[in-house]
């Protein structure tokens, strides 16, 4: 070993020992005839002092981030010089020898000062020398170990599934890989291990897990990565309660790493309730401000804007005092979200209603409105009217915006909730508008994925009442972030084919794309279900950072670019020729 001790491990009890340390020069201070450096390694920092004339001469050439090895005697710092801010603050190492292991060029940014994200990612190997980014990566390793410990205790088997496979429609675009030995044909990087983990259940593995790399060629959205990680699990002979129970045990083990005890059982809310009360299928329950249904209240209104299939409201406490320019700003805020605006009524301190909407209301509506929505004098009532889904989504976004503006969210709080019983299908146009890829060519597509089982009792309504079929599915939400989602799966070929048909996949197309799965279901497939946790998002929450990029060792930018390696990059003509990327496949011959 090039060193005898870790820099952060030395204490006053080590005084008198000769040690050899190795690490980086975090800071250098020249005090005339004495030079001090803060020597940093993965364990922490120790102050090294150079007094010996021969070693002092060498130390003059040290600069920030030189990699060095130092041998010397551990000494108690002189009285008054202790540093209580660091664990090694009572001691210093009096150097008797110095070896420069690697010099450093001038730094592109100072490691103890803020730097722009693109510069940080371009020099990520320097960024990770900082304490906060390094701590996030190290915590992630502990998170992996904690999850594995729980799963191993419950007899799960860790199995690796393929990372180059067949392109199958799963709700997003595939990254495609040309197959050089099969010109004109392509592999795909998996969007998830979904099909393989179901096949592992057919294979009798019974309990599978994997910390899986997944790939989705999505339009770039804020805080998304083209490659991401999920903790993937699947179990045979279970119902939703079994999957939820093991999931809660895993989450409790993870949050215990940061000293938080998750109250269990985690509360549940139906998808329908979440949308009606919070305007979101991933509600943040750290604050109240529930939406209020007003459709019945305004059923006889003469105000044309409120003559809509849905009218709802959310109250902003104290919002009546907002100046006109702020209220106008809310209209721009709503328009940026695709709405025409955000109607509002101001409740005066005397209880009188003001604002442009109030004068369009009947006397009875004005008299009863504040009581109906729970508004007090001085509050502002925001409204949305129109189709229920987009109107509730707008109010849900307004609810979150109000909470942020009023400081209603305790940043130290944790609020977990299961969202259960979502619809199995949604209109394909809605999925496309949200940036997803509809699996088939039908009017309906799957809300989660095409392999989710309908809730018991809904099987007969798949074709006849498609929009009202509920899924046997469950999402786990933390502080308004969906951190995991799962379901009981279809394990019968006939039901799977019916679901495909509703989504516009005819028998031939289903056979072409999913024939291997359908065939597997004919060999005694067990009932099974599972869940996948968004590992990057969970780690970001545990490290209390805003972006998942902070918990990924070498992330891409929001635009999918890696500033470090300058990927993606063009390929050469030779690579293009060898890959067969331009070869058109021969038409399939009829059997």
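Cβ from N, Cα, C; glycine included.
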Listed co-binder of ATP (same site as 216, 217, 218, 482, 534, 535, 536, 537, source Swiss-Prot) among 225, 496: 225
Distance from residue 216 (L-aspartate binding site) back to residue 537 (ATP binding site), taken between C-alpha atoms, in Å: 16
Distance [Cα-Cα, Å, rounded] between residue 489 (L-aspartate binding site) and residue 482 (ATP binding site): 20
Sparsest-packed among the recorded positions, when each Cβ's other Cβ atoms within 10 Å are tallied, from 31, 216, 448, 489, 537: 31
The region 'Aspartate' (194-197): DSSP-derived helix, strand, coil residue counts: 4 helix, 0 strand, 0 coil
Most distant Cα pair in Å, residues 170, 216, 448, 489 binding L-aspartate: 22
Where the record names 216, 217, 218, 225, 482, 534, 535, 536, 537 as binding ATP, the maximum Cα to Cα distance in Å: 20
For the binding-site residues 170, 218, the one whose C-beta sees the most other C-beta atoms within 10 angstroms: 170
Using Cα positions only, nearest of the recorded positions to residue 535 (ATP binding site) (31, 80, 216, 448): 216
